């Protein structure tokens, strides 16, 4: 019974660790610019190995990036806007 309870506590934490959202950057520190969401989904999933991506404020915003990927530093308001848009 204790093992089962421990499993229920640890499982959600494992899903959260290692994933983040943001503007993934290349080796030069720049996020890809965009006008279409399809381009960003391909860029995020195939180049940066994210779960998905879309165009948010003329740059590719990736959802579900690995923790070791570098992302562009953005304001909290921009991050909330892009996170909210991708969820809805």
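Cβ from N, Cα, C; glycine included.
Per Swiss-Prot, the feature disulfide bond maps to 34-55, 40-60, 44-62, 56-82; the stated evidence is similarity to another entry. Positions annotated as domain 'LCN-type CS-alpha/beta' by Swiss-Prot, on the basis of sequence analysis: 20-83. Marked as signal peptide by Swiss-Prot: 1-18.
Annotated features taken from Swiss-Prot, shown on the structure.
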{"residue": "34", "record": "disulfide bond", "Cβ neighbours (10 Å)": "20"}
{"residue": "40", "record": "disulfide bond", "Cβ neighbours (10 Å)": "25"}
{"residue": "44", "record": "disulfide bond", "Cβ neighbours (10 Å)": "24"}
{"residue": "55", "record": "disulfide bond", "Cβ neighbours (10 Å)": "21"}
{"residue": "56", "record": "disulfide bond", "Cβ neighbours (10 Å)": "23"}
{"residue": "60", "record": "disulfide bond", "Cβ neighbours (10 Å)": "24"}
{"residue": "62", "record": "disulfide bond", "Cβ neighbours (10 Å)": "30"}
{"residue": "82", "record": "disulfide bond", "Cβ neighbours (10 Å)": "22"}
Between residue 55 (disulfide bond) and residue 40 (disulfide bond), how far is it from one CA atom to the other, in Å?
6
Given the disulfide-bonded residues 56, 62, 82, tell me which ones have a C-alpha lying within 10 Å of the C-alpha of residue 34 (disulfide bond).
56
For residue 60 (disulfide bond), the three-state class that DSSP assigns:
strand
Restricting the comparison to the disulfide-bonded residues 56, 60, 82, which residue's C-alpha is spatially nearest the C-alpha of residue 44 (disulfide bond)?
60
Where residue 60 (disulfide bond) and residue 82 (disulfide bond) are concerned, what is their Cα separation in Å, rounded?
10
Should residue 55 (disulfide bond) be counted as helix, strand, or coil on the basis of DSSP?
strand
Over the domain 'LCN-type CS-alpha/beta' (20-83), what does the predicted model average in pLDDT?
92
